[in-house]
2 protein chains.
Amino acid sequence: MPYTPPDQAVRTAMIDRVKFNEDGLITAIAQQHDSGEILMLAWMNAEALDETLRTGRVCYYSRSRHGLWRKGETSGQVQMLVDARLDCDRDAILLLVDQKGVACHTGRRSCFYNALRPEGIVEITRPEVAVETLYGKA
Amino acid sequence: MPYTPPDQAVRTAMIDRVKFNEDGLITAIAQQHDSGEILMLAWMNAEALDETLRTGRVCYYSRSRHGLWRKGETSGQVQMLVDARLDCDRDAILLLVDQKGVACHTGRRSCFYNALRPEGIVEITRPEVAVETLYGKA
């Protein structure tokens with residue numbers, strides 16, 4: 001089913017109920033909608049959340065770059081929104097998405113590849129795409 | 001397969017590699033290991049993470065109570081650890097767990113029940129357990 005954006009009045013009313021932290025941010029989890037795989041964790045401000053709900057394409061807030069981060073804008077690895085769900089405290093959001101390609105900047109499908117095992121930290125997946133392919137050569 | 005805890009030296013080395021934030025915390029996502037359902041998002045400090053890895057029973061850090069939060073200690077709704085995975089930046093952790101009963105303090109299986117839909121915020125699940133059953137009467 002294609003994503004249907006709420007209109008502006010509904011979006012504004014929903015975003016008014018979100019509990020952003022002291023930096024104006026909310027934690028966002030991206031999950032592949034059909035497989036259930038957790039892809040990444042990032043942050044959104046009100047503007048990023050509004051853009052995501054309006055366009056159906058996921059936009060985060062980059063804490064390092066201090067600005068909107070339209071996921072896949074450079075790499076092409078976009079996330080199309082399927083459904084968004086606030087938690088009970090309304091200070092975290094789960095994004096059910098359709099991830100094109102890989103979510104992780106290392107070229108892996110998921111960012112959560114460092115398993116804590118009896119023998120130490122074990123990388124359980126390998127990159128599927130070379131970083132140079134994602135971002136070009138320096 | 002039952003969870004096997006790393007020994008103390010391995011745990012210490014792993015926790016040394018975690019990037020806790022300025023408050024000494026890391027974001028933790030709890031996911032039911034077999035269904036893939038996202039149960040909740042919470043926080044851990046180094047002590048909570050060490051206890052979780054040592055005991056195989058999930059312990060968070062409560063930002064409101066400023067102390068360790070042994071999930072299920074009051075309600076009985078414990079989370080048994082199956083696997084733990086740090087992300088690429090090592091500032092978020094995914095906990096694959098076996099959730100006994102419900103994860104949410106509202107009596108719902110998952111905290112993420114407020115869907116952002118064209119008509120507004122829609123509660124997509126109902127409580128499975130009464131709050132009085134979880135926490136007793138005041």
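Even glycines carry a Cβ here, placed using N, Cα and C.
Record features, source TrEMBL:
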DOMAIN    A:40-113  domain 'Phosphoribosyl-AMP cyclohydrolase'
BINDING   A:ASP87, A:ASP89, A:ASP91  Mg(2+) binding site
BINDING   A:CYS88, A:CYS104, A:CYS111  Zn(2+) binding site
Per-residue pLDDT averaged over the domain 'Phosphoribosyl-AMP cyclohydrolase' (A:40-113) comes to what? 97
Are there any residues in the same chain, six or more apart in sequence, whose C-beta is under 8 angstroms from the C-beta of A:CYS104 (Zn(2+) binding site), and if so which? A:LEU39, A:MET40, A:SER110, A:CYS111, A:TYR113
Here are some binding-site residues: A:ASP87, A:ASP89. Which one has the most Cβ atoms within 10 Å of its Cβ? A:ASP87
I want to check the contact list for A:ASP91 (Mg(2+) binding site): same chain, sequence separation of six or more, C-beta distance under 8 angstroms. What comes out? A:VAL18, A:LYS19, A:PHE20, A:ASN21, A:ILE26, A:THR27
If you count Cβ atoms within 10 Å of each one, which of the binding-site residues A:CYS88, A:CYS111 comes out on top? A:CYS111
Across the domain 'Phosphoribosyl-AMP cyclohydrolase' (A:40-113), DSSP yields 10 helix, 30 strand, 34 coil
